[in-house]
Structures are given as C-alpha cells and as structure tokens.
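Right, one structure below, let's go through it.
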Amino acid sequence: MERRQAKIHVFVLIGLILLNSINQISSLSVTVNDEECVQEYVLYEGDTVSGNFVVVDHDIFWGSDHPGLDFTVTSPAGNIVQTLKGTSGDKFEFKAPKSGMYKFCFHNPYSTPETVSFYIHVGHIPNEHDLAKDEHLDPVNVKIAELREALESVVAEQKYLKARDTRHRHTNESTRKRVIFYTVGEYIFLAAASGLQVLYIRKLFSKSVAYNRV
C-alpha cells in the first residue's frame, strides 16, 4: 500500500515538473507578408505532430470577402501532408509518415502583413517495439511519456484559446477606433453641411433685400 502511494506521489511530482517545463514553451510569432515557412525536425516515423495557429494582429478588416491564410505542411520527401485553405486560425494533427525535416508554410494572398501566433509540438510515446529494442527502456518511462503528451495537449489548447482571446481583444479595439473615427467624421460632415446651409440662406436673404431696394 505504501509503495503504491509512493508511486502516485512520484507521478504527481513528475506531472508538476513536466507541466512547468511545458508551460515555459512559448508560441512563435510569425509575420506573413507573402509566404513564410517554419521547419521542424521529426526524429521518429509515426510520431504525432500537432499544433495550432491564430492570426492575431491584422491591419485590414476581416470581412466576408477576405480570403484568409493558406497553411500547408510538407514532408521531407516533398509531399503535402496537410493543408488548410482560407482560414484565420485552426488546429492540426497528423502522424509523421517518415522521420526528417518538415516544413510548415503560411501563404498570405494579400499584400498587407499578418502576424500569426504559431505553436507546434512533436510527440513521441515509446511502443512495444521500442521496449523490445531497448532493454533499458521500462514501462515507467512509457507512462511518463504518456503523461507528458496528455499535459502537452492541455497546454496547447490553453495557448490556442489565449491567442484567440488576444485576436478578439485586438478586433474589439480596432472596431472601437473605427466607430470613433466614423462618428467624428459624421459630426464634421454635419457641421460642414449646416455651415453651407447657413451661407446659402444668408445669400438668398441678401438677394431678396437687394431686389426690394430696386
């Protein structure tokens, strides 16, 4: 019973350490003018590659006619593993068909730069084949790897939601400024129109007085 409790305490401690180390990993900030790519090396075939991205800061209004960004993942062999079209943010996950350098590219069809918060993780959990090959690899290490991947999934979701929240705040601020500019412009237009009306009325009265004198 005591040994079981000790194991639980060890796993809890390991979980806290892993969670702290994972939380220290920050998302990449990529500015996409035309096309920008990020490379990540996958050590083992069959590893799970996952991540997310969100367009955080943009200089133009994302209306219904905005095409969004294109996202493409290319394998070391040059094959397209995954692609997303016309999006302002999404999640992705796939099994690596082989080990090697993978390329993650963003394409911006507009000339206006877009800032993207990009997060990627390569997860590896040893399987029975790995245990058979490596006699020093025990089931405890496998459990630790599984725990790490579970925590990584939670942290990735937190980072995705945080990036979306940042984008919403930026959009709200941009909308607020746009409303203020529109309101100020409307007041200026109304003041100018009123001024022109006053001048026009005064001109009519001056013509009427001159006619009566004649």
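Cβ coordinates are placed from backbone N, Cα and C, and glycine is handled just like the others.
Lifted from Swiss-Prot, the feature list:
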- 1-27: signal peptide (SIGNAL)
- 28-178: topological domain 'Lumenal' (TOPO_DOM)
- 35-122: domain 'GOLD' (DOMAIN)
- 140-158: coiled coil (COILED)
- ARG164: omega-N-methylated arginine (MOD_RES)
- ARG169: omega-N-methylated arginine (MOD_RES)
- ASN172: N-linked glycosylation site (CARBOHYD)
- 179-199: transmembrane segment (TRANSMEM)
- 200-214: topological domain 'Cytoplasmic' (TOPO_DOM)
- 204-214: motif 'COPI vesicle coat-binding' (MOTIF)
Confidence summary (mean pLDDT) of the topological domain 'Lumenal' (28-178):
79
Please report the distance from the Cα of ARG164 (omega-N-methylated arginine) to the Cα of ASN172 (N-linked glycosylation site), rounded to the nearest angstrom.
12
How does the domain 'GOLD' (35-122) divide up by DSSP, counting helix, then strand, then coil residues?
0 helix, 57 strand, 31 coil
